[in-house]
Amino acid sequence: MASSRRLVIVYVIASLICRTAVAEDDTILRPYGPSCSRTNNYTPSSQYKKNLDELLAALPVEAGANGWFYKGIAGAGADQVFGLIMCFADSSGSRCQDCLRRASAGITSSVCPGSRNVSALYDACVLRYADASFFSVANTDVVWNVSVTGGSSLIYSSVDMLAWSGLMNRLAQRAADSPLLLADGSAPFTSSAEDMYGLAQCTRDLTPGQCESCLNRYADLLPLPDRFPTKTSGSAIKGYSCYVRYNIGAFDITLPPRKSPPPLGLLVIGLLVGSISILVSLGFSTCLRLRRQRKQAANKLLQESRQQELEEGNLFNDEPEMEHEFEKGTGPKRFRYGELAIATDNFSDKRKLGEGGFGSVYRGFLTEMSLEVAIKRVSKSSKQGKKEYASEVRIISRLRHRNLVQLIGWCHGSGELLLVYELMPNGSLDKHLHNSTMVRSGDHALPMPWPRRHEIILGIASAILYLHQEWEQCVVHRDIKPSNVMLDATFTAKLGDFGLARLIDEGRQSHTTGVAGTFGYMDPECMASGRASVESDVYSFGVLLLEIACGRRPAVRVGEDDFIHLVQWVWDAYSGGSVLDAADMRLDGDLDGREVACTMLVGLWCAHPDHGLRPTIRQSVNVLRFEAPPPSLPARMPVATYGPPASCSSNAASLTAEGTAGGGGTGTWRSTATEMLSQSSPVKELCILRV
């Protein structure tokens, strides 16, 4: 009898233990095939475990407040922990919050206990942490590959494969260009009433180029729609850095929430404080203005002091804001000088990639980010270089586009001005167009093939379109030329060097004063008027198109000592009815005649002497993509006359032009201008007179 009672008690206790274990297990979120390191594990009482617990507690809270993504660091030295968490856009807000909370809570207890390096993929989110930085490094391993069942089945006869391929490529590009590294969209079928919907998303620590590369790899691995089994409506692939999905029929997309507005009480307090501050400021300004009127000499000295500060590069009152953007993963990083000196072997000559008018560029390796970079060191003696440094940091750091060189970081300390860019392994377009880095086949140097040139053209056109019309403000680049078109490892074109770029407020001013740029690519009207505008950028783009198609620099030799501009030379060929005769002869006919002819016609259109008859960059892009008819150009190159800017006197002209462009005459350049054209040298101030 006693033994029976003991047996019952044991059974009851065992049942309670089992139920407790099951209940605890129900709260643990199980990832798909987690990656857990097995060596050098931490102990429960170690400092690494304390730092990890601190970071895991912060990740879901910070992600919930920052658009469902957060990356952070806890601790220092050998026990430092790097972590990242993000929700997927096809998960609801409640599922996202649940995943953020439960993934962080259960990862160390039962999923990867003791592991220092963990990557875990869940249905609604992804969680990663490690003892070394993995930020800005794409992990392209496929963790989750699934076909979606239910809904409408895919039938090959109703699937437009071109629409499917175009949708996935378009989403990859749009996601890379988006601040959220996220894009969704749809494409209609030609033989079905239903649409195909797609999603592309990356973790927001990646660069745009890394994001697009990861998404394209996954898209290539997706099963083609025409090979789906019955009752399958779509497919999806998830990894630790990116996610692609497509489906027949719509699925829900939940964008990250915006930050909530401050409480009404705080708003009232803020308005009161602001009003008082304005009144105080107005009173102070009034006193200061009266004081300045009595002390004009002191005012002059103050202005000179401020100008000196400007020239020394003291232009960064918004440093805290830029630092905040970097911590959120949306802006460039401010580096310490010592970090960049280590990355370049103390700016060793062996690391030097090139040298320009305002400094040198070095190849570097950032150990913390595990990233190869190009570091531009501005010359200490160049006042113009300091101004351009400030312009680059202020402008390019806010731009995000797959065809713009990304600014990773900056440094002004220890008397140095440094800019850190993503490394472009294939250098500049200029080197590939003009023999210095041609690919060799046997004993023969091969020119850059036409299909690659055409892709570069479309990429740069897309970048300029973004600058002129698609960003929040209009940006005039002012120095578009082949040496400022950089090529990454896959020969994707990226426009760089924003030292001369300027912002333009639409509706208030359509130009920027102070002519700058490079001879041969500068709009003659811009040089004459002293005003740079979107039209002058379009002119430079036109010259670039002709240079790519013809393989010639802007100054074309027509005799022993005579040169004409490339625009005139191509227009002469067009006037003769054989514009393709101006194509790069090194291609030996291995080209698409329709694309080359279209490129040269658009080039002439963009470089039209009358800026009012030039296209917008969007019109140029539409024609280059054969989405609009080619332009109708006059048979002979028109002649435009320009007056000098008000700041130029009759003897101040540094360049003159003479001759006509029609009626048997050809434009010629005087010798000083010829030398400048052939060297493609940058200029900072220029006045032109017509003679």
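Note that Cβ sites are derived from N, Cα and C of the backbone, with glycine treated the same way.
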Annotated stretch (region 'Disordered', per TrEMBL) among the listed ranges 293-316, 341-364, 365-388, 653-676: 653-676
Cβ neighbour count (within 10 Å, all chains shown) around Lys376 (ATP binding site): 26
Composition by DSSP (helix, strand, coil) of residues within the domain 'Gnk2-homologous' (30-134): 41 helix, 28 strand, 36 coil
